[in-house]
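What follows is one structure encoded as structure tokens, with my remarks underneath.
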């Protein structure tokens, strides 16, 4: 055979010869146990954690949500600052309902019959004075209550302060009522209507489930044991599940009592859904948590409050107002969730990853046996022996092949 023909044949063999990996059998039960144990760990990880726990075979989508709320309940107050008064939802829910949060007044400081006039400032280090020279006309302090007129007036028999142009009489909010004025707030109820969608899977759900009708909705109240699907919540139960207590706050002067100082509570709705045909469950799960700080050291400016006013006109046309510094609970409705459904692409990806890990088991087994086991010399000897036997077999086969 000529040299060009032999060269061409070798190139064809190099290009088209089919090669398969050779399997080396190690006849040792200990090594086999280590190898099978490694495979078992990989299978348990893939099946137990990746598939069952993480559900990595699923495609996922994030929730899109809308929330509306409606509070109901009544209260009655009778204090020295104002006449006996009946409160309904238009009075104690500020601002109007409808967003992902709502505020319910539980305590307040009321300053009635304010008019725009002049009056002495409330005493503090920046407003006290000895004479008019200590007051600057036109000066306004953002932490104060008005614009100074330049006069120093008697605030009381023992104190003189700079006069200001403001709504008088000025608010004094240094001492809160000892008990929450709207104690009846614990019996108020709130209806939460929540609609969600998962656009990738074209799934739409409401927290008012299909089996809930009008008659049930009129009499039900959320209870985790008896009525877990009812979307009507009593504020007392929300606060209790968040780890707070109405009555303890009324008895004890607690700095962090949200019914005296105000606070923020989260109503958390979890819409985590498994949309596989063998599961098919997609229902809301409710939980409650206090969101504002109760840190025992950093206790500056605790609670939650804001001011609003109600304006009136007297018979002679003078404008007056009642200023209310409202303490209460802001309820934030927080909706989150992820839906999962079987997908061929993530399934193939995770199966490929599992097979790749399985291919590493022989390498790990060899490393473990050659470095960590007491019988590593025996293992090395058996492996070399088998390799030598294979080499001898190949040489014999090669001789025979060459003979033929």
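Cβ atoms here come from the backbone N, Cα and C positions, even for glycine.
According to TrEMBL, the protein carries these features:
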BINDING   70, 71, 72, 189, 305, 306, 307, 325  ATP binding site
DISULFID  119-168  disulfide bond
DISULFID  129-152  disulfide bond
DISULFID  135-162  disulfide bond
DISULFID  220-230  disulfide bond
DISULFID  273-282  disulfide bond
CARBOHYD  187  N-linked glycosylation site
Suppose we draw a 10 Å sphere around the Cβ of residue 307 (ATP binding site). How many other Cβ atoms does it contain, all chains included? 13
The sparsest Cβ environment within 10 Å, among the recorded positions 71, 162, 220, is found at 220
Quick one: pull the CA-CA distance for residue 162 (disulfide bond) versus residue 71 (ATP binding site), whole Å only. 44
Long-range Cβ environment of residue 129 (disulfide bond), under 8 Å and at least 6 residues apart: 135, 152, 160, 161, 162
So of all those disulfide-bonded residues, 119, 168, 220, 273, which one's Cα sits nearest to residue 189 (ATP binding site)? 220
Farthest-apart CA atoms of 70, 71, 72, 189, 305, 306, 307, 325, residues recorded for ATP, distance in Å: 24
Same-chain residues at least 6 apart in sequence whose Cβ lies under 8 Å from residue 230 (disulfide bond): 212, 216, 217, 220, 221, 222, 223
Tell me which residues of the chain lie with their Cβ under 8 angstroms from that of residue 168 (disulfide bond), as long as they are six or more apart in sequence? 114, 115, 116, 117, 118, 119
Closest of the recorded positions to residue 187 (N-linked glycosylation site), Cα to Cα, picking from 72, 273, 325? 72
Who sits close to residue 72 (ATP binding site): which same-chain residues at least 6 apart have their Cβ under 8 Å from its Cβ? 89, 188, 189, 190, 191
Residues that sit under 8 angstroms from residue 306 (ATP binding site) by C-beta distance, when 6+ apart in the chain: 94, 325, 326
If you skip the near sequence neighbours and keep only those at least six away, which residues in the chain come within under 8 angstroms of residue 273 (disulfide bond), Cβ to Cβ? 198, 203, 205, 281, 282, 337, 338, 339, 340
